[in-house]
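Chemist: Under the heading Zn(2+) binding site, Swiss-Prot lists 80, 82, 250, 325, citing sequence analysis as support. Swiss-Prot lists 80, 82, 250, 325 with the feature Fe(3+) binding site, giving sequence analysis as the kind of evidence. According to Swiss-Prot, the feature 4-imidazolone-5-propanoate binding site maps to 89, 152, 185, 253, 330. Residues or ranges marked as N-formimidoyl-L-glutamate binding site in Swiss-Prot: 152, 327, 329.
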């Protein structure tokens, strides 16, 4: 049996068998690339990979999938998104073009609080259908694992709806979803002037309930002058620790409050944004093993001019991840490949750094380096076949999706198997 690439057969679902006639990049290290390679999938997991000429005899009778000379990489990992929310905020785009700052939009009643109103008003099915439409292009581009935050409810029931929708998306689309509780995202209107009281609600009511329901994989906060203070953020981190949950942090996006160092003290999975990060913060992250998650979409959309300290991150050996930061206000982007290009062009990352940023390092930012971001025997079959001459093209093109086939959790993504990457 030979299952050709893009065969047009809608009944192709299982990825079990031999994937051959491909070139293999098992992780982001170009020195580990294998030309004329093969990969064997059994019961949805990788059973063998290497040069096709060395394929063990025991596997040679398995069904075959002709990869057509494509490049195979691990599935991509989008490690920072706000995918579930109500409505959109195109009106704020016009305000920003007219010169309004992030802080000015927030103080005028826009920003996060605007999305809070729309999210609170939406039922679960509405949130699901809207989020599914945003997820589709990411999946078609090869995303096989994604983090989804709450943070647009800012009350227990609305936060619960967001996290339940995130779980539903994973089940419905066969994608690995890692949920993050971001109750400390902004101050809801009913708590105006009472930030400490709201943090009480986050730590003592919302987080315990949502953790008990199994809806939370990690906990995040927005540590900024328009968000929450270091002391308030630390309270959230301490509450997370009581529930055995790892933390991450929106830090040093608009100013340097020392959030990255605080995150490192709590052994955070990641500190994200980091445009105003200083060397002390970099050193703290390096010592703690905290991943730096760069979000070039927000940098571009906000027309920022303060670059993250790439040279310092390299100097101190801090792993660098890249993500879409998909959200309605500052990064309404649904292309992780575009973020790779922007990370290279705007932040001057190398192509191998960009590839690591959406595979191995992004998996580490999720606390799942043993599950995502690398092709290895025993792992779930999450991989992408790309119609490119070299993996460098993944960061080179923008406005084009070269994905030919996406396999998630051992299943062939039907849209890409039939239509060459278009959802």
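Backbone N, Cα and C atoms are what each Cβ position is placed from, and that goes for glycine too.
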Chemist: Same-chain residues six or more away whose CB lies under 8 A from the CB of residue 327 (N-formimidoyl-L-glutamate binding site)?
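Modeler: Long-range Cβ contacts: 81, 82, 85, 115, 298.
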Chemist: Of all the binding-site residues given, 80, 82, 89, 185, which residue's CB has the most CB neighbours within 10 A?
Modeler: 80
Chemist: Quick check: which same-chain residues outside 80, 82, 250, 325 lie with their CB within 8 A of the centre of the Zn(2+) site CB atoms?
Modeler: 81, 149, 272, 273, 295, 298, 323, 326, 327, 331
Chemist: Near residue 250 (Zn(2+) binding site), meaning Cα within 10 Å, which of 89, 185, 329 (binding-site residues)?
Modeler: 185
Chemist: At the level of the C-alpha atoms, what whole-angstrom distance separates residue 152 (4-imidazolone-5-propanoate binding site) and residue 329 (N-formimidoyl-L-glutamate binding site)?
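Modeler: With distance taken Cα to Cα, residue 329 (N-formimidoyl-L-glutamate binding site) is 12 Å from residue 152 (4-imidazolone-5-propanoate binding site).
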Chemist: What does the structure give for the C-alpha distance between residue 89 (4-imidazolone-5-propanoate binding site) and residue 80 (Zn(2+) binding site)? Integer Å is fine.
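Modeler: With distance taken Cα to Cα, residue 80 (Zn(2+) binding site) is 19 Å from residue 89 (4-imidazolone-5-propanoate binding site).
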Chemist: Distance check, please: Cα of residue 185 (4-imidazolone-5-propanoate binding site) against Cα of residue 80 (Zn(2+) binding site), rounded to an integer number of angstrom.
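Modeler: About 14 Å separate the Cα atoms of these two residues.
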Chemist: Around residue 329 (N-formimidoyl-L-glutamate binding site), which residues of its chain at least 6 apart sit with Cβ under 8 Å of its Cβ?
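Modeler: Once residues fewer than 6 apart are set aside, residue 329 (N-formimidoyl-L-glutamate binding site) is near 89, 92, 105, 110, 111, 112, 114, 115.
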Chemist: Please find which two of 152, 327, 329 have the most distant C-alpha atoms, given that the record lists them as binding N-formimidoyl-L-glutamate, and give only that distance in angstrom, rounded to a whole number.
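Modeler: Taking every pair among 152, 327, 329, the longest Cα gap is 12 Å.
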Chemist: Using DSSP with the three-state reduction, classify residue 253 (4-imidazolone-5-propanoate binding site) as helix, strand or coil.
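Modeler: SS state of residue 253 (4-imidazolone-5-propanoate binding site) = coil.
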